[in-house]
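The structure under discussion appears below in the form of structure tokens.
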Amino acid sequence: QDLPGNDNSTATLCLGHHAVPNGTLVKTITDDQIEVTNATELVQSSSTGKICNNPHRILDGRDCTLIDALLGDPHCDVFQDETWDLFVERSNAFSNCYPYDVPDYASLRSLVASSGTLEFITEGFTWTGVTQNGGSNACKRGPASGFFSRLNWLTKSGSTYPVLNVTMPNNDNFDKLYIWGVHHPSTNQEQTNLYVQASGGVTVSTRRSQQTIIPNIGSRPWVRGQSGRISIYWTVVKPGDVLVINSNGNLIAPRGYFKMRTGKSSIMRSDAPIDTCISECITPNGSIPNDKPFQNVNKITYGACPKYVKQNTLKLATGMRNVPEKQTRGLFGAIAGFIENGWEGMIDGWYGFRHQNSEGTGQAADLKSTQAAIDQINGKLNRVIEKTNEKFHQIEKEFSEVEGRIQDLEKYVEDTKIDLWSYNADVLVALENQHTIDLTDSEMNKLFEKTRRQLRENAEDMGNGCFKIYHKCDNACIESIRNGTYDHDIYRDEALNNRFQIKGVELKSGYKDWILWISFAISCFLLCVVLLGFIMWACQRGNIRCNICI
């Protein structure tokens, strides 16, 4: 007798999801490595090797440092009144004027860099009884001796150097930055030759601050033919405040002020070339795209940049769990459900159906469940980027040798922040990956349950993601199941009749085996009963005695 399941009276419908031959390994909360059909790299690990000049205004310092440009070193005159978003200092920058030091170099550099301008306003300071515009052979401006263009070196006039007392109010509505200095001669003779007094002094004050500097006379290592030094200082005068300068010698006076601006301009040391291109994020290595949430190119950044992490790679799952398709399927060929494996041949959707009926075999994607999964996954990358991208810049920190402990503490804090963000990135990506896999599995289960509810008693769950349909189901019938218009009442009587026939035949085909097992069990039971009866009878007759000792 032929089985009803082998003729045209039944059909097989399987549900499955797509798969690829070689997936991508990602990390989730529960698994360090799980294969998915598709994933996106989240860590930017390389730069363009060049700094883009758009949309940020880049000012190439070339052979000048920012402080040299600020002071007006002769070879930096081209930077007068310049503006920038990012000032790029080069490793080959050098000073070419009178040797100087800035006791609070890092703070001054940072202050000017963030202001984003070298706009300078000359003011009418009155220096009575002294000679102005001093110069040095160490600071050539053309063939003649020169000096920093933003500073005024005051020396004796004749044989006198009177006490200077000058005030300059700030009647404007913005902060003013004044740069001034103190000259440290190399010998006592140089001191008296320039300033008459054996020891001079400078005091600069406002209502909020006061600085008093006494020259330190003594020989230092020769630089550009000079063993003396100039110490550069700075004072910020707020609106409504007054700048007061008192000196009896050694004063390097300001010629005016720099107009301070508030903004997010910055400075960066880099030897990367500047090119015409567009990039929001800049590192010392060059510009990098900011379409990823993380980067490990450089800790120092400017602009809207990915967050720096230690990891070289973090992959965000943008596809479902990948279960490559098995190559052999026995009698049913490739028709098997999602419980066993995915389907590599399905390219027009993530979820779908395969069927086998009287008209042959076929496959179709389920676009509704596919779109539901894609809608939930789309935007994941953008959401991660929004959570992590810096909207500000991270500048390099500089400290003098005296502030070594502060530098160590700052480094520790920065390293701790990087460790924390690296850990957070790991957890964030693992959580997102877990969510992606769970939701794609959920969509598969939803589709399977939806199909089960349609078929009801007309089909049987085969346990592998497939249904055995107990009625004739042509391609139109299969299509009605896929699109949700299937009416199980129409096929119920036929399905019940075929189910009973198939189950009955299956019972008859296994009848002999059941009889053998039942007969064996009864025989064993009867043998045990006879043996137990014989022992009891023998004990009563005295033929067998049983002693129990305690």
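We count from 1, first residue shown onward.
Yeah, the Cβs are placed from backbone N, Cα and C, and that goes for glycine too.
Here's what Swiss-Prot has on this protein:
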| type | residues | note |
| --- | --- | --- |
| TOPO_DOM | 1-514 | topological domain 'Extracellular' |
| CARBOHYD | Asn8 | N-linked glycosylation site |
| CARBOHYD | Asn22 | N-linked glycosylation site |
| CARBOHYD | Asn38 | N-linked glycosylation site |
| DISULFID | Cys52-Cys277 | disulfide bond |
| DISULFID | Cys64-Cys76 | disulfide bond |
| DISULFID | Cys97-Cys139 | disulfide bond |
| CARBOHYD | Asn165 | N-linked glycosylation site |
| DISULFID | Cys281-Cys305 | disulfide bond |
| CARBOHYD | Asn285 | N-linked glycosylation site |
| DISULFID | Cys473-Cys477 | disulfide bond |
| CARBOHYD | Asn483 | N-linked glycosylation site |
| TRANSMEM | 515-535 | transmembrane segment |
| TOPO_DOM | 536-550 | topological domain 'Cytoplasmic' |
| LIPID | Cys539 | S-palmitoyl cysteine |
| LIPID | Cys546 | S-palmitoyl cysteine |
| LIPID | Cys549 | S-palmitoyl cysteine |
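Sequence features annotated in Swiss-Prot and their locations in the structure.
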{"residue": "Asn22", "record": "N-linked glycosylation site", "Cβ neighbours (10 Å)": "8"}
{"residue": "Asn38", "record": "N-linked glycosylation site", "Cβ neighbours (10 Å)": "16"}
{"residue": "Cys52", "record": "disulfide bond", "Cβ neighbours (10 Å)": "21"}
{"residue": "Cys64", "record": "disulfide bond", "Cβ neighbours (10 Å)": "23"}
{"residue": "Cys76", "record": "disulfide bond", "Cβ neighbours (10 Å)": "27"}
{"residue": "Asn165", "record": "N-linked glycosylation site", "Cβ neighbours (10 Å)": "12"}
{"residue": "Cys277", "record": "disulfide bond", "Cβ neighbours (10 Å)": "12"}
{"residue": "Asn285", "record": "N-linked glycosylation site", "Cβ neighbours (10 Å)": "18"}
{"residue": "Cys477", "record": "disulfide bond", "Cβ neighbours (10 Å)": "19"}
{"residue": "Asn483", "record": "N-linked glycosylation site", "Cβ neighbours (10 Å)": "11"}
Among Cys139, Asn285, Cys305, Asn483, these being the recorded positions, pick the one whose CA is nearest to that of Cys539 (S-palmitoyl cysteine). Asn483
Considering only the recorded positions Cys64, Cys139, Cys281, Cys473, Asn483, which residue has the minimal Cα-Cα separation from Asn165 (N-linked glycosylation site)? Cys139
Select the closest residue to Cys281 (disulfide bond) from the following recorded positions, measuring between CA atoms: Asn8, Asn38, Cys52, Cys477. Cys52
Could you round the CA separation between Cys139 (disulfide bond) and Asn285 (N-linked glycosylation site) to a whole angstrom and send it over? 34
Please tell me which one of the recorded positions listed here (Asn8, Asn38, Cys76, Asn285, Cys305) sits closest to Cys477 (disulfide bond), measuring Cα to Cα? Asn8
Same-chain residues at least 6 apart in sequence whose Cβ lies under 8 Å from Cys473 (disulfide bond): Thr10, Ala11, Leu13, His355, Asn357, Ile481, Tyr491
Length of the line joining the Cα atoms of Cys277 (disulfide bond) and Cys64 (disulfide bond), in Å: 24
Candidate nearest Cys64 (disulfide bond) in space, where candidates are the recorded positions Asn8, Cys52, Cys97, Cys305, Asn483 and distance is Cα-Cα: Cys97
Rounded to a whole number of Å, the separation of the Cα atoms of Cys52 (disulfide bond) and Cys305 (disulfide bond) comes to 14
Whole-number Å distance separating the Cα atoms of Cys97 (disulfide bond) and Cys76 (disulfide bond) is 10
Taking just the CA atoms, what is the gap between Cys305 (disulfide bond) and Asn8 (N-linked glycosylation site) in Å? 64
